[in-house]
Amino acid sequence: MTPIVSEPFFYSDLGSYLAGRSNIFSFHRSRLMSLENRYRVWLSVFLLLLMEVQVSRRLFETAYVFNYSASARMHIFGYLTGLFFYTAAPLTLCCTCAPEVLKFGINEVSEFILKGTSSMQNIEFHWWDFVNPLLKLGWCQWIGAVIFLWGWIHQHRCHAILGSLREHGAKVDEYVIPRGDWFEIVSSPHYLAEIVIYAGMVFASGGADLTIWLVFGFVVSNLVFAAAETHRWYLQKFDNYPSNRVAIIPFLC
């Protein structure tokens, strides 16, 4: 029931609300967050942007890079696990400010229900309102972003190699040994790149959030197991499989 101020609505008002600056609702104006909370909010935004870059590329690759055969199937457990992970992982990255976001959304919906479209304000968008806080993040975040980008690029290259194998096969269901990029040292370089990607996100987070470490632990344990099974299959399938390749961790396993 608190009245909305007559100022135009900016997309950055959500960030401002969370960071304790100008707020939409008058009863929130007196609530100023500490500098630490402001930093945590924009750190969550930064991590979510990295996640968005990753899942957007994966969506593109699924549609245009991989050439799945008509008989390809995924186990229902793996499918449900994927749905759970890509729902839980972004929530994990912003769990520190998720309650505030939820409260903001509930207030917005409540106001819309009470007043309808007449309560909707003019929308203006200013890029600098988003870019400027991100540029003020620390060196830890940008080093983490570089690690993320390193894994991100190599995973795309490895996926492109895997996607091209079916095009070069004489038969639809023929398997060939993948070569190039990190395939020269490990059997599942796309899994290794995924671990590097999430290691970059852990580094960018500062490493102080237990939930992000749990996500990283899930990724590592899941992919190491899958890579071991893949490596074992390669060894059984091909007599001439390169002996210098290990499953996923270079020079180790």
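Residue 1 is the first one shown; counting continues down the chain.
Yeah, the Cβs are placed from backbone N, Cα and C, and that goes for glycine too.
TrEMBL: automatically predicted annotations, no manual curation.
Here is what TrEMBL records for this protein:
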TRANSMEM  39-56  transmembrane segment
TRANSMEM  76-98  transmembrane segment
DOMAIN    123-252  domain '3-oxo-5-alpha-steroid 4-dehydrogenase C-terminal'
TRANSMEM  134-153  transmembrane segment
TRANSMEM  210-228  transmembrane segment
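A Cβ distance under 8 Å defines the sequence-distant neighbours of the transmembrane segment (39-56), meaning residues of its chain 6+ beyond its ends; these are 15, 18-19, 33, 86, 89-90, 93-94, 96-97, 130, 133-134, 136-137, 141, 145, 148, 152, 197, 200-201, 204-206, 212. Confidence over the domain '3-oxo-5-alpha-steroid 4-dehydrogenase C-terminal' (123-252), given as mean pLDDT on the 0 to 100 scale, stands at 88. Beyond the ends of the transmembrane segment (76-98), by six or more residues, the same chain brings 18, 40-41, 44-45, 47-48, 51, 55, 201, 205, 209, 211-212, 214-215, 218 to within a C-beta distance below 8 angstroms of the stretch. Under DSSP, the residues of the domain '3-oxo-5-alpha-steroid 4-dehydrogenase C-terminal' (123-252) split into helix, strand and coil as follows: 88 helix, 4 strand, 38 coil.
Residues 47, 85, 88-89, 92-93, 95, 186-188, 191-192, 194-195, 198-199, 201-202, 247-249, 253 of the same chain, all 6+ positions outside the transmembrane segment (210-228), place their C-beta atoms under 8 angstroms from a C-beta of that stretch.
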